[in-house]
Amino acid sequence: MKPFLRWCFVATALTLAGCSNTSWRKSEVLAVPLQPTLQQEVILARMEQILASRALTDDERAQLLYERGVLYDSLGLRALARNDFSQALAIRPDMPEVFNYLGIYLTQAGNFDAAYEAFDSVLELDPTYNYAHLNRGIALYYGGRDKLAQDDLLAFYQDDPNDPFRSLWLYLAEQKLDEKQAKEVLKQHFEKSDKEQWGWNIVEFYLGNISEQTLMERLKADATDNTSLAEHLSETNFYLGKYYLSLGDSDSATALFKLAVANNVHNFVEHRYALLELSLLGQDQDDLAESDQQ
């Protein structure tokens, strides 16, 4: 009897596990993680050939190194990207876009003072480079300089009030100063916006207008292909992670930040700072670095 009972127990457990897994697959919204495309690989090979075989002017070489660095960055190859950016800057030290990328990497590494200097250099070289306000604002946010972060993120928001992610980052900064006032400002921004971009659904969730389930249903309905689904998931899981973190639920936040990273949308702000959030939550840096290079 004992072997028979043991077999029944195992069969029951497998059946229950199968039901559980089926239920999980039906309820979760998942995308195939983004992979390098053939076009990207061909472009990289062509860039390598040009850099190795052609006589380029300094300006041409610096620009090509920058463009290859951007492509490396989009593939999650940050060490190679940093190397190209550093080489480009050594040739042409007046490239604001290079300082911008280096500032982002310094922020991700937690080297906030150096990041501030990099973004200051961007704005000194090109005062109209508005994304430096976003990236410096994020660095100031993680560096604990909340009022300065608010100033930069407000400037970035004012440049395009119909971009929901500008409102979300401003809210995250203002939440640390006055949570009630921050939510009221977010509500005003939502009401004034044209609401055309999908990200306003995340704002609606933050305002309590819709449930998390409704948010995910809208996400799935809005995605036109796997790429847009992966991008929306990277964004949504990051801001859901920040939401749960604000409630003190670090376990849910950790899981959501990992999901944000899992889509391999390497050049999205949400992917970049999900890695930093995981680091701040005590995740192993070597594991995070390895996952980001895959």
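Using N, Cα and C of the backbone, Cβ positions are placed for all residues, glycine too.
According to Swiss-Prot:
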type	residues	note
SIGNAL	1-18	signal peptide
LIPID	Cys19	N-palmitoyl cysteine
LIPID	Cys19	S-diacylglycerol cysteine
REPEAT	62-95	repeat 'TPR 1'
REPEAT	234-267	repeat 'TPR 3'
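In the repeat 'TPR 3' (234-267), the DSSP tally of helix, strand and coil residues is 26 helix, 0 strand, 8 coil.
Per-residue pLDDT, averaged along the repeat 'TPR 3' (234-267), amounts to 98 for this model.
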